[in-house]
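Heads up: the structure comes next, in structure tokens.
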Amino acid sequence: MANYFNTLNLRQQLAQLGKCRFMGRDEFADGASYLQGKKVVIVGCGAQGLNQGLNMRDSGLDISYALRKEAIAEKRASWRKATENGFKVGTYEELIPQADLVVNLTPDKQHSDVVRSVQPLMKDGAALGYSHGFNIVEVGEQIRKDITVVMVAPKCPGTEVREEYKRGFGVPTLIAVHPENDPQGEGMAIAKAWAAATGGHRAGVLESSFVAEVKSDLMGEQTILCGMLQAGSLLCFDKLVAEGTDPAYAEKLIQFGWETITEALKQGGITLMMDRLSNPAKLRAYALSEQLKEIMAPLFQKHMDDIISGEFSSGMMADWANDDKKLLTWREETGKTAFETAPQYEGKIGEQEYFDKGVLMIAMVKAGVELAFETMVDSGIIEESAYYESLHELPLIANTIARKRLYEMNVVISDTAEYGNYLFSYACVPLLKPFMAELQPGDLGSAIPEGAVDNAQLRDVNDAIRSHAIEQVGKKLRGYMTDMKRIAVAG
């Protein structure tokens, strides 16, 4: 099969990369009604599979789970989760033929096998759903022409999808219809109903394309979301310990520092994160971030180029065929790093201490977020998509590190994200070592002393931070979420 994106001409590629429209709340006035009375069969009962299914059932839809015969016979975790939550469970042969919508929520590397197994069983005119378009765009899976192919992609882990729904809200979501598979013109109606059933319409929905979702998702997770956090954790820990910091304290400062720093990012973007610093520290963080952007720009661009060309996907799929040899080797090596094996610190670190002693970490976050955003936009991806795949998801990934360090992050993210993370971090760590050697006292592990600052310089830095395109679009999108949450809670 050919990479679908590479079969398109340049005009088609640009059109699909640039497809992004923030949908109005009024477009979801019918809620999930288009799918009510129809049979929805979910394949896979992992975090997305289970939690989307719970939300959809609570929204009045008929949900069941199709699992492989072995999973049922051996009562594996997927079978236990589905049955313990009161769902009907059956084999592909038992459930797929009656399904109006089959939702494939298995891991990326299983998609081809799953789709080839379920396609012959699907009735004429049924629909096939994804929450990530890798199988369609990168693998180039060919779907029967009578089948409608749609995507609903929540921009959060599955657990968050459920928790926000239970709070009466939802998570921002991308929806799309595959242009090669919409024979009855009902793809958008199906996608909107599915998104509404998960609660996504309450937080904001972007009408996108399979291509834009895949290319931006891969770029975000490889660079700022996972790769930068992993590289930053390893570099910062080693630097602190080399300069005499207690390894346990250094580990805690980094493990929980990312989460604390990005919580400010979540509430008010890069502007608020930088405002948590003293004026001298803000000026230093800004200067460090500009240096980092200059050093790392070629690496970010290489990752984007390899994603656009399909080079990344072909390399990863070759590793799939080789029993994940590279992935498993990198995973094992990460588990043996000094950061992962450091002792736990029993003392308390105050919230402001993470900011005051983490100026370099803040600079890394700023540089990584802006670079990922800029590189995506320069490649034809619309700003709203680039925002969701960079700044918006970063606090969620930082939270996984706060739970069990890099191990937890790499367990929670997909194998696709994990593979890309290692590619980036293995290149980024040696790239930044000369930069790390030139750091000054106060950049990491100790606070920058208060002192006089140049008013004009501070004014210009504040203007530069606030005027960046990601701050402009971020303020708009966070405003939409706040407004929609207010409406949802009131209604």
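Cβ atoms here come from the backbone N, Cα and C positions, even for glycine.
Going by Swiss-Prot, these are the annotated features:
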- 15-208: domain 'KARI N-terminal Rossmann' (DOMAIN)
- C45, G46, A47, Q48, R68, R76, S78, D108, K109, Q110, G158: NADP(+) binding site (BINDING)
- H132: active site (ACT_SITE)
- 209-344: domain 'KARI C-terminal knotted 1' (DOMAIN)
- D217, E389, E393: Mg(2+) 2 binding site (BINDING)
- D217, E221: Mg(2+) 1 binding site (BINDING)
- 345-484: domain 'KARI C-terminal knotted 2' (DOMAIN)
- S414: substrate binding site (BINDING)
Cα-to-Cα gap, C45 (NADP(+) binding site) vs H132 (active site), nearest whole Å: 15
Between R68 (NADP(+) binding site) and H132 (active site): CA-CA distance (Å): 21
Listed in sequence order, residues not in D217, E389, E393 with Cβ within 8 Å of the centre of the Mg(2+) 2 site Cβ atoms: K155, S216, M219, G220, E221, L225, Y388, S390, H392
Separation of alpha carbons, E393 (Mg(2+) 2 binding site) and R68 (NADP(+) binding site) (Å): 32
Cβ contacts of S414 (substrate binding site) (under 8 Å, same chain, 6 or more positions away): P107, D108, H132, E221
Nearest of the binding-site residues (A47, S78, K109, G158) to E389 (Mg(2+) 2 binding site) - Cα to Cα: G158
Neighbour count (Cβ, 10 Å) for C45 (NADP(+) binding site): 27
Three-class DSSP secondary structure - R68 (NADP(+) binding site): coil
Intrachain C-beta neighbours of E393 (Mg(2+) 2 binding site), sequence separation six or more, cut-off 8 angstroms: K155, C156, G220, L225
Inter-residue C-alpha distance, G158 (NADP(+) binding site) and D217 (Mg(2+) 2 binding site) (nearest angstrom): 16
